[in-house]
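A.B. asks: The structure that follows is given in the form of structure tokens.
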Amino acid sequence: MAPAADREGYWGPTTSTLDWCEENYAVTWYIAEFWNTLLDELPMIYSCCIFVYCMFECFKMKNSVNYHLLFILVLFSLIVTTVYLKVKEPVFHQVMYGMLVFTLVLRSIYIVTWVYPWLRGLGYTSLGIFLLGFLLWNIDNIFCDSLRNFRKKMPPIIGVATQFHAWWHILTGLGSYLHILFSLYTRTLYLKYRPKVKFLFGIWPVILFEPLRKH
């Protein structure tokens, strides 16, 4: 977390539940955390609930809705939202988010171990990138003072590169995207389509699929 001593900007003193390690108003007087301006608390819970639903429903027939699971996830989101807005305790949010991520990891390991072993590359790549972002996020939290002192001695470009909370957004975003591809690949395989991973411009992975040919 950020030290208490930070410059005051256009919006006045900090009132956010969380104040990350990036120096407040260091880039511009109008943006407190220039590299971390995304909402990244409750939307993390909501998006992860959607991932959980998709992963547990990937082996169901078309046009089916699991209302029991849907109810549980919506109720979970409402409870987390209510409690978090009331107590404003970051550790509570982190534990609830960790539970959802752990559920996704277990489900993904099950799929690549016993159902579609040839998807291990995609599944473990998405998990590895996500965990790398998680590692940098923890480094940013634990060693915030050391990182700030280091940035003061380094050129600006190095300072930008060590904004590890911003890297958390980038890496978890990429890991989440790859996990969506993993979920799509699993689902379309089950529905007897023929998915293939292609790379746009030789870099960006996408999934293309076509219906199974009828003989």
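Any Cβ shown, glycine's included, is placed from N, Cα and C.
Curation plays no part in TrEMBL annotations; they are all automatic predictions.
Keep in mind it's a predicted model, so treat the numbers as computed, not measured.
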A.B. asks: Any idea which of 37-56, 97-116 is down as transmembrane segment in TrEMBL?
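C.D. replies: That would be 97-116, the stretch labelled transmembrane segment in TrEMBL.
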A.B. asks: Residue list, the transmembrane segment (164-185) vs rest of chain: Cβ under 8 Å, 6 or more residues beyond ends.
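C.D. replies: That would be 20-22, 35-36, 38, 40, 47, 51, 54-55, 58, 104, 108, 116, 119, 122-123, 125-134, 136-137, 139-140, 147, 195, 197, 205-207.
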A.B. asks: Is the transmembrane segment (65-85) packed against any residues at least 6 beyond its ends, judged by a Cβ distance under 8 Å, and which are they?
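C.D. replies: Sequence-remote neighbours of the transmembrane segment (65-85) are 41-42, 45-46, 49, 52-53, 56-57, 92-93, 96.
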